[in-house]
Amino acid sequence: MDVFLMIRRHKTTIFTDAKESSTVFELKRIVEGILKRPPEEQRLYKDDQLLDDGKTLGECGFTSQTARPQAPATVGLAFRADDTFEALRIEPFSSPPELPDVMKPQDSGGSANEQAVQ
């Protein structure tokens, strides 16, 4: 089954999908194709816990029930900087601006679906 993932590092977010049977190392290969950093310079995390390269995504807890298209699971990403890995850091998403008045629902006293019957 497919799992849907949101790989996050600082302000970078990658949306991807993979098979539950894919390994963590294979997921690092996907990241390498996008961010041009080899797997040995990457660490992937689930809830601040380092993921083992040899385990499958399913063994790490990513299943089609927990990582759905409409609610992808979050995977943290850290890169090697010189001889050590950076600390895992994920910036929170920004808040959307307030809706303009013209887009806010209008309370006209009746349902928008009601029509006058003649």
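Each residue, glycine too, has its Cβ placed from N, Cα and C.
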Point to revise | Annotation match for phosphoserine in Swiss-Prot, from S94, S111 | key: S111
Check your understanding: Which of the listed residues, T23, T84, has Swiss-Prot annotated as phosphothreonine?
Key -> T84
Check your understanding: Can you tell which of S64, S108 Swiss-Prot marks as phosphoserine?
Key -> S108
Revision key, fill the gap. Cβ contacts within 10 Å for M1 (N-acetylmethionine), all chains included, total 10
